[in-house]
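Reviewing the structure listed below.
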Amino acid sequence: MTPTRCDRTPAWGALQAAYQTQGRAFDLRRAFALDAGRFEAFSQGAPHVFADLSKNLIDAGTEQQLLELARQTGLEQHRDAMFAGEKINTTEQRAVMHWLLRTPPADPAMPAQSVHRHMAETLHEVHTTLEAMLAFAEAVRADETITDIVNIGIGGSDLGPQMAVLALDAFVLPGKRFHFVSNVDGHELAAVLRRLKPQSTLFLIASKTFTTIETMTNARSAKAWFEAQGGTDIARHFAALTTNVAAANNFGISTTFGFWDWVGGRYSVWSAIGLPLAIAIGAVGFRDFLAGAHAMDRHFATVPLAQNLPVRLGLLDVWYRNFHGFTSRSIAPYHSALKRYPAYLQQLEMESNGKRVDAHGEALPYGTAPVLWGEPGTNGQHAYFQMLHQGTDVVPVEFVAVKQAAHDLPGHHDLLLANVLAQAQALMVGQADAGGHKNFPGNRPSTFLLLDALTPASLGALIALQEHRVFVSGSVWGINSFDQWGVELGKVLAKDVAVRLSSGNVTGLDGSTAGLLARLRA
């Protein structure tokens, strides 16, 4: 049965009416004054993550209408279809099974009766590959002659492992340094190579097809540098994370780890693409990372919608985007190790849900993915928080805080936590008794995600939470969250422009591109 498009459901009309009568004038300060139990009602526990949703512009009635919208658009059926291995990526005719990468060999409770029988063989392949990858990771960790690991990839082959290695810095094996090269801009690779010695470096080439232009350009340059510096054993100092084993072998690489076409790039950190993380934190740590994500999978798959954290977050995103008209969300992790977390979420959400047509290719009359942006706190307070507090646009903020520090420097962590609590409070309560430039309107919404500690398990759960939250909003909007056709046109045109930069031929180009090309060649 084809789900009903969200704007054609009774729940959508009810939500429009609710926004006009209550939502647009909703006052957080008044809501707390009238309801002593608001914090408890709008707080939600989930594996490794506690969420305070109480500072959002929503009441119980509106949330019930949002839950009804989810039901009327077939969210539960769509979720179950994903976990059943159905080809819900309809434009590419692929299943969406990144969750299988973190499913234990025997888990009889994954959703409607676990891993379906037809996926048992695939799950076995997943764990065979995982064991081989972790064995390699442990060998690299034990090899004291390898001090530098360079991951060459782009998009999901870069952002995921880079974000995770940085986030789990407290767990990284001493004596190993990790570098990530993604940009085709040679300055990035050159800056890394200047710090390396070929005999102590391992290069990981991460490309599913082993044809990605940026990645292979960097890989060839890294290989040329290695050989020019006297390196001779390509097979020992290069490994490939790819499905194109033949191309890797032709490159001179004999050690390869593959994955499957149902693993999208932005969901690939759980696969062989996570090898840098496995080397950094070890096999035990990587298994904990997978286990944390799997715990969130179970939560999403089995907990009723009203107590399901990814569902509540995803529906809140729909409420803000389509009824309040908010076009962006600020991500503010109050932990310096999460410095690449906002960038990771940018790709996850904006590449997944930044679509203008539905899953059937029909143009949509309503907004989809918001713009995500942010920086770690407290740095962001001295950059863009001015606009969050006193700007003309309301931007929902999503804070992430960690209860326990991974250092023993006295006073620092308490001050950090005081700041994140104060910012969330200030956004809500404002300062009405001051005039003019010192007036803070308040009533600015925020969500607060709290981890007990930043560990492999809690990071895995946090990432999986965000994956499923994006699934929820994309499902309600009726879009395919698992393709990314929007990245293709620029790549095609870049090949043509590269030839023109060499030849100078501007025939058929628009005036602006022709003028810029001529100036670059002058």
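Backbone N, Cα and C define each Cβ position, glycine as well.
Here Swiss-Prot flags GLU351 as active site, proton donor. The annotation active site is assigned in Swiss-Prot to HIS382, LYS491 on the grounds of sequence analysis.
Structure with Swiss-Prot features highlighted.
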{"residue": "GLU351", "record": "active site, proton donor", "DSSP (3 states)": "helix"}
{"residue": "HIS382", "record": "active site", "DSSP (3 states)": "helix"}
{"residue": "LYS491", "record": "active site", "DSSP (3 states)": "helix"}
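Neighbours of GLU351 (active site, proton donor), defined as other CB atoms within 10 A of its CB across all chains, total 22.
Put simply, the residue listed as 'active site, proton donor' is 15 Å from LYS491 (active site) when counted between their Cα atoms. All chains included, 11 other C-beta atoms sit within 10 angstroms of the C-beta of LYS491 (active site). Here HIS382 (active site) is positioned 29 angstrom away from GLU351 (active site, proton donor), judged by their C-alpha atoms.
Long-range Cβ neighbours of HIS382 (active site) (same chain, at least 6 residues apart, Cβ-Cβ under 8 Å): none.
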